[in-house]
Amino acid sequence: MWRGGSNTRTCKRRFFSSPTRSRHHRPPYMLHSRGSQHLKAMAEVDHLAAERATARFDVEEMKVAWAGSRHAVHVADRMARLVASDPVFRKDNRTMLSRKELFKDTLRKAAHAWKRIVELRLTEEEADLLRQYVDQPGYVDLHWGMFVPAIKGQGTEEQQHKWLPLAYKFQIIGCYAQTELGHGSNVQGLETTATFDPKTDEFVIHSPTLTSSKWWPGGLGKASTHAVVYARLITEGKDYGIHGFIVQLRSLEDHSPLPGVTLGDIGGKFGSGAYNSMDNGVLRFDHVRIPRDQMLMRLSQVTREGKYVHSNVPKQLLYGTMVYVRQSIVADASKALSRAVCIAVRYSAVRKQFGSQDGGPETQVLNYKTQQSRLFPLLASAYAFRFVGDWLNWLYTDVTQKLEAKDFSTLQEAHACTAGLKAVTTSVTADAIEECRKLCGGHGYLNSSGLPELFAVYVPACTYEGDNVVLLLQLASGKQPVGTMAYMGKVQYLMQCKSAVSSAEDWLNPDAIQEAFEARALRMAVNCAQNISQAASQEEAAGFYERSPDLLEAAVAHIQLIIVTKFIEKVHQEIPGHGVKEQLQALCNVYALYILHKHLGDFLATGCITPRQGALANEQLGKLYAQVRPNAVALVDAFNYTDHYLGSVLGRYDGDVYPALYEEAWKDPLNETVVPEGYHEYLRPLIKQQQLKLSRL
Ligand SMILES: CCCCCCCCCCCCCCCCCCCCCCC/C=C/C(=O)SCCNC(=O)CCNC(=O)[C@H](O)C(C)(C)COP(=O)(O)OP(=O)(O)OC[C@H]1O[C@@H](n2cnc3c(N)ncnc32)[C@H](O)[C@@H]1OP(=O)(O)O
Ligand SMILES: Cc1cc2nc3c(=O)[nH]c(=O)nc-3n(C[C@H](O)[C@H](O)[C@H](O)COP(=O)(O)OP(=O)(O)OC[C@H]3O[C@@H](n4cnc5c(N)ncnc54)[C@H](O)[C@@H]3O)c2cc1C
């Protein structure tokens, strides 16, 4: 019932039918969209071969651990190759396109992708992977990611029967129109109204103020024909709060806005290329009428007479689509982070600076301990987010099944985990992409490094689907010691326990890590609770407000505990492949001890560990970095990304960075002419004027 969308990892539904399937068996380095001569040259060199030779584990098996199964590796491989080998999906020129060109390019790619999906009879799992590898935000994401799930989760069976087949075949295109100019985070504060008119059996959708204009919905600006619109339901003179309605916006004949509908794009966004491929839109309604049965009526209904009837379910199920997308955003965080880390690791292995005063070889920057201490925690975080994402997907599927059976007991836990993990993983990933850019020095600032666009396209994830601060504050409510909160049941022990760590190696014991993280999270939560009750002499809300910065930190500590716990659990499982488990163990320790080192203040202030134990953790971290170093390139190879998907001259599989950087520069439109446009208007007159002045002296 709450479910927004299906679990795409297991779904085998096919889109239409077709006779053929494509087969590609080329290795990743053959997948550049360049001429065959270049491909030949590239196949002959592998500047990272020495790095790959030092790996102490089976990379192919690590690919399986990363992807989740052998099947997942094969499907991902096939879809990545399909996209990389198709010229329509070219993206190396994206940052040079104007907004209009970029938008048209997005429409073209989406239409072509759909054509291929139908021709090749791709399953939903394959289609979603294809969408990811096309790697260009567009209306399709909101259509499949929010419009369809909203109807599935909030529509009655009858409504699903009517609308989903149209949406599945793209006979209509939908978006998710919730946020308004004046309100985004505060959903209950939305102003758009849906007033029931019993005379005509219709709802009248209206935007009463400027601030009630829908603002931001992706796909709304130019592409969508329909929207799920969230509006205040008013019937029999009473306001029943926010509900969802399916509203047609544009003609299915000529795409013109329907009467009473004003809509357009909200304008250019941060960065070149990036999220500018998306038509985030503005929408106003002037008393637009829709039939009563276009209210999504699974959770509550309005009868023909105008009576409001609420089913006996929690009203928060209205937010189910957001929960669905939040959990998919957690899975995406590991993808974005691993892309950035892959680029930075490979380039750091290629790039050399200093180290030789006599003309001998310089030092690979990856060998600098500072580079390692900045980069390896990010590598470990990519793996950590991947595994916690898998767990969250399981939790989401589980709660969805329970909801179908009218068991709402895990709803709050699922909301808290998705909200918290979405907030922490996206914040860390956005910062990490920027850190990877710096780790690549000056070349990281070039668009051809792929990092500026990756950052620009990723950073709104900290805001959309719930501002990260607002979401973290959601964790402060509902502290029953169940599920991931179960450790709170050990309050007496965790409030007074002392870490037994007495050597750096002791920090390799997962129990020592687990206990320190549990004690820190619990003590921070208890401190907050005490401070709130002290601050709130009159009412709890005042104390909550007063101590909200501390609550935020306590929420982060709780989420970091979940991530560490899920990583430890993963490593405890049977993991096949030579050396794979050992590498994951090392990365798990890197992740945990890095967090401990970074938040040492929390651990010390709450008395969970002593300053000496903190120093030992840092000592162990240094040893772990040395252990990761020879495996670093192979650990990013295990992400199995094609050069097309990475979109970075610095992150190339073959490490042949310099010719590619050089070649790329010449493609810039500024280099189309030797003498730039504007020379005769501005430069020449200026130079001549100065020359004249000088000659007069
Ligand atoms: C290219 C070719 C392609 C071809 C075709 C391919 C075919 C593909 C096929 C595959 C398909 C798969 C596709 C998947 C794609 C996915 C892609 C996604 C892309 C993502 C793009 C993102 C776009 C962005 C969208 C948006 O941003 S939408 C708007 C989001 N808005 C928000 O998030 C608003 C945030 N605010 C809130 O959520 C709420 O207001 C609030 C939670 C902050 C507060 O709510 P409220 O005021 O109502 O409540 P309280 O704080 O008082 O809480 C009351 C109690 O309710 C609990 N609560 C709150 N929320 C929830 C919840 N969600 N669930 C359960 N419980 C909840 C609180 O905890 C309180 O509980 P208590 O009373 O016990 O304390
Ligand atoms: C790229 C992009 C795509 C989007 N796509 C869609 C879409 O498809 N459909 C849709 O409906 N919406 C969409 N949105 C809107 C998005 O969901 C909202 O922007 C988001 O929920 C944040 O809300 P806001 O803009 O109102 O921020 P605000 O709430 O105004 O945030 C401003 C600041 O106030 C702080 N703040 C707010 N409330 C509190 C509080 N209670 N306590 C402490 N601090 C607080 C925030 O932390 C932030 O620092 C999109 C947004 C972006 C950027």
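Just so it is clear, glycine is given a Cβ too, placed from its N, Cα and C backbone atoms.
Features reported for this protein in TrEMBL:
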type: REGION; residues: 1-30; note: region 'Disordered'
type: COMPBIAS; residues: 10-27; note: compositional bias 'Basic residues'
type: DOMAIN; residues: 58-173; note: domain 'Acyl-coenzyme A oxidase N-terminal'
type: DOMAIN; residues: 175-276; note: domain 'Acyl-CoA oxidase/dehydrogenase middle'
type: BINDING; residues: Thr179, Gly218; note: FAD binding site
type: DOMAIN; residues: 319-476; note: domain 'Acyl-CoA oxidase C-alpha1'
type: ACT_SITE; residues: Glu465; note: active site, proton acceptor
type: DOMAIN; residues: 509-688; note: domain 'Acyl-CoA oxidase C-terminal'
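Broken down by DSSP into helix, strand and coil, the domain 'Acyl-coenzyme A oxidase N-terminal' (58-173) contains 90 helix, 1 strand, 25 coil. In terms of DSSP secondary structure, the domain 'Acyl-CoA oxidase/dehydrogenase middle' (175-276) contains 9 helix, 44 strand, 49 coil.
In this structure, the C-alpha atom of the residue listed as 'active site, proton acceptor' lies 12 angstrom from that of Gly218 (FAD binding site).
Sequence-distant neighbours of Gly218 (FAD binding site) (same chain, six or more apart, CB under 8 Å from its CB) are Pro137, Tyr139, Asp141, Leu142, Cys175, Tyr176, Met278, Asp279, Asn280, Gly281, listed in sequence order. Confidence across the domain 'Acyl-CoA oxidase C-terminal' (509-688), taken as the mean pLDDT and rounded to a whole number, stands at 95.
A sphere of 10 angstroms centred on the C-beta of Glu465 (active site, proton acceptor) encloses 25 other C-beta atoms.
Under a cutoff of 8 A between CB atoms, and with a sequence separation of 6+ in the same chain, the neighbours of Thr179 (FAD binding site) are Lys214, Trp215, Trp216, Pro217. Secondary structure at Glu465 (active site, proton acceptor), as computed by DSSP, is coil.
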